[in-house]
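J.: Supplied in structure tokens, the structure appears directly below.
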């Protein structure tokens, strides 16, 4: 996923998830509902018309915008005009959000394109954007390294290579997901290796993206509201990644304790609230 923290959070924050097509409706839902479970005020999903009704049926808590199109519904001679209409509609909403998650459930349709697949082939989209976070899995990371550094993944010098990758793109934060989540902004490298669950059900990356986006927005808001220039303090994007990773791992562990091998993503989501309270109790 590609995540971008937009600015100061109002209240507890508003998040937008751009993703979801007729084949993949779970991913955007997982990202959007996870942000709500963590504490966001409002969670919007911008998806295709075919996905909208399905996503709405998952939860009345989400605000769903059925404005994206897939290639099968757009004639070649309509592509430019349809793209313009979609961009105009999406753009008028974007300034209302504190953070944006781009990519979950977009697939490889030529008129949509998954967030990280699109970024890998168009690095300029996130180049020199210190508010951008990329969360590649092992296969996405491999493609990113090959594209940007023109070499293969070097496991023996993993931290150095990750740092170089971030620097080459220009200050973005990359969270390389795996047994240990390794995070870098090109200046520092940290990792979260806390054990979560032996069950690796699909969809956990989507929970992570929604949580990381919101946590990063909160961290940035905190630093700026306390007159701490972000360039001189710890990177709020790094803080967001660490918090999101720790929360997911704890929730996954609690879900596995209860459901064992039958654990699925929705079980993990139900433990986000308890996990957050255990890590950071709410003030009365």
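Placement of Cβ uses the backbone N, Cα and C atoms for every residue, glycine included.
Feature list, courtesy of TrEMBL:
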{"type": "BINDING", "residues": "105, 137, 138, 139, 140, 141, 142, 143, 206", "note": "(6S)-NADPHX binding site"}
{"type": "BINDING", "residues": "177-181, 196-205", "note": "ATP binding site"}
{"type": "DOMAIN", "residues": "1-279", "note": "domain 'YjeF C-terminal'"}
J.: In angstrom units, rounded to an integer, how far apart are the Cα atoms of residue 201 (ATP binding site) and residue 138 ((6S)-NADPHX binding site)?
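T.: Between the Cα atoms of residue 201 (ATP binding site) and residue 138 ((6S)-NADPHX binding site), the distance comes to 15 Å.
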J.: As a test of the contact definition, list every same-chain residue at least 6 positions from residue 199 (ATP binding site) whose Cβ is closer than 8 Å to its Cβ.
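T.: Counting only residues 6 or more apart in sequence, the Cβ neighbours of residue 199 (ATP binding site) under 8 Å are 252, 256, 260, 261, 263.
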J.: How many angstrom lie between the most widely spaced Cα atoms of the (6S)-NADPHX binders 105, 137, 138, 139, 140, 141, 142, 143, 206?
T.: 20
J.: I'd like to know which of the binding-site residues 105, 203, 205 has the most other Cβ atoms within 10 Å of its Cβ.
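T.: Sorting the candidates by Cβ neighbours within 10 Å, the top entry is 105.
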J.: Sorry to bug you, but what's the C-alpha spacing from residue 177 (ATP binding site) to residue 142 ((6S)-NADPHX binding site), rounded to the closest Å?
T.: 12
J.: Around residue 179 (ATP binding site), how many other CB atoms lie within 10 A of its CB?
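T.: The answer is 11.
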J.: Within 10 Å of the Cβ of residue 181 (ATP binding site), how many other Cβ atoms are there?
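T.: Result for residue 181 (ATP binding site): 23 other Cβ atoms within 10 Å.
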J.: Return only the integer: C-alpha distance in Å from residue 205 (ATP binding site) to residue 105 ((6S)-NADPHX binding site).
T.: 11
J.: Roughly how many Å lie between the Cα atoms of residue 203 (ATP binding site) and residue 105 ((6S)-NADPHX binding site), rounded to a whole value?
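T.: A Cα-Cα distance of 10 Å.
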